Amino acid sequence: MKKKQVLVLFGGPSSEHEVSLMSATSVMKQIDKKKYEVIPVGITTEGKFQLYEAYWQIQNNQWEGFEEARFQYRKERKDIFLIPGCSALLLKENESFCKKAVDVALPILHGPYGEDGTLQGLLQACHIPYVGAGVMTSALAMDKAMVKKIFENEGIDQAAYHVVNIREWEGKSRDVIEKELIGCLEEKLGYPMFVKPSRLGSSVGISKASDMNELKKAIWQAAAHDCKVVVEAFIDGREIECAVLGHYQHSRVAEPSEIIPSREFYDYEDKYMAGKSVYQIPANLSQEMKDKVKQLSVQVYRLLECKGLARIDFFLERKTGNLLLNEINTMPGFTKISMYPKMWEASGVTYQELISFLVEEAIE
């Protein structure tokens, strides 16, 4: 049987470049090589697309970041191009170009450019089927401020929040901004608060603010990543996650999991660097609460018209037992310690089977 050609895209110009390398390395190690031929294409931090066949060198940025890797594997780094309507890659070899057939793309990129509809739009224009959410869904889900408004309009419970758009304060001094803004946030949300860039993931740029000085610092830190900042009230709750798989009416959910952070919140190091957080899969919840988590996960998944996969995150308030939606991630981490594949493994779907399902569904 002829192997299907799977274009695995990784890297990209976002601050989550290294996370993508870790996820892509895991995927390419685990993919069923009896069924699929991997075409590993890295996107540099400058946005160049390069075929890189020595994909074991990808993790830890060795494919792009080190001069010895550049020298040793320079013959294996070939510029490639995606052309609208072509349904294939154009590979540059010496001074000529040749076509390389592609059956499906697996874009393992996180954050802006790779997860916000940009890359999805390019693949769509090139008539290449791809794993994951479409252009509109990707763009919406990437914007925490926008998607919170959608959930609010649907009556879905979530933490109290306030959106700060730095562009609205243009022309005013930093002191004036802080004076007007801090008072508003203190009155509306109270301390402590969590401050996040609206359009980043992997906990990049997130801070907890317990007083005025920390809040000022957190706002400007988040604003360095994104002109739109989301400030949320602190929730004293358990962190519950749920994995969803499949297309609209045929979506299914894994058993929910719980994260017990080793720090004040589940940060970048815990997510990708084997931190000290404890994971419970499945989560120690009543059957009634498990069913509620699953039902709400599917509701959110369908509301945003997701496809392929998504991870839905919740808070379960300790005092009230209320379930609050936190956020949705349309391309969750796929490293060996990432929660998404772990939840499916606990539900009887191996890592390799998960990849095969996603690839086959995208082709269909």
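Just so it is clear, glycine is given a Cβ too, placed from its N, Cα and C backbone atoms.
Owing to the predicted nature of the structure, the values given are computational and were not obtained by experimental measurement.
These features come from TrEMBL:
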ACT_SITE  GLU16  active site
BINDING   LYS144, 194-196, 202-203, 232-239, 326-327  ATP binding site
DOMAIN    148-360  domain 'ATP-grasp'
ACT_SITE  SER202  active site
BINDING   ASP313, GLU327  Mg(2+) 1 binding site
BINDING   GLU327, ASN329  Mg(2+) 2 binding site
ACT_SITE  SER338  active site
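Sequence features annotated in TrEMBL and their locations in the structure.
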residue	record	DSSP class
LYS144	ATP binding site	helix
VAL195	ATP binding site	strand
GLU232	ATP binding site	strand
ASP313	Mg(2+) 1 binding site	strand
ASN326	ATP binding site	strand
SER338	active site	coil
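Closest to GLU16 (active site) in space, going by CA atoms and restricting to the recorded positions GLU232, PHE234, ARG238, ASN326, SER338, is SER338. Figure note: comparing Cβ neighbours within 10 Å for the recorded positions GLU16, ASP236, the maximum is reached by GLU16. The Cα of GLU327 (Mg(2+) 1 binding site) lies closest to that of LYS144, out of the recorded positions LYS144, GLU232, ASP236, SER338. Taking the C-alpha positions, the distance from SER338 (active site) to ARG238 (ATP binding site) comes to 18 Å. ASP236 (ATP binding site) sits 22 Å from ASN329 (Mg(2+) 2 binding site), taking the Cα positions as reference. Cα of VAL195 (ATP binding site) to Cα of ASN329 (Mg(2+) 2 binding site): a distance of 18 Å. ARG238 (ATP binding site) carries a strand DSSP state (E or B). Around the Cβ of VAL195 (ATP binding site), the number of neighbouring Cβ atoms within 10 Å comes to 25. In the three-state DSSP scheme, GLU16 (active site) falls into the coil class. LYS144 (ATP binding site) and ASN329 (Mg(2+) 2 binding site) have their C-alpha atoms 10 Å apart, to the nearest angstrom. On the backbone, the CA of ASN329 (Mg(2+) 2 binding site) and the CA of PHE234 (ATP binding site) stand 20 Å apart.
Proximity to ASP313 (Mg(2+) 1 binding site), judged by a C-alpha distance within 10 Å, picks out ASN326 from the binding-site residues GLU232, PHE234, ASN326. For the domain 'ATP-grasp' (148-360), the model gives a mean pLDDT of 90.
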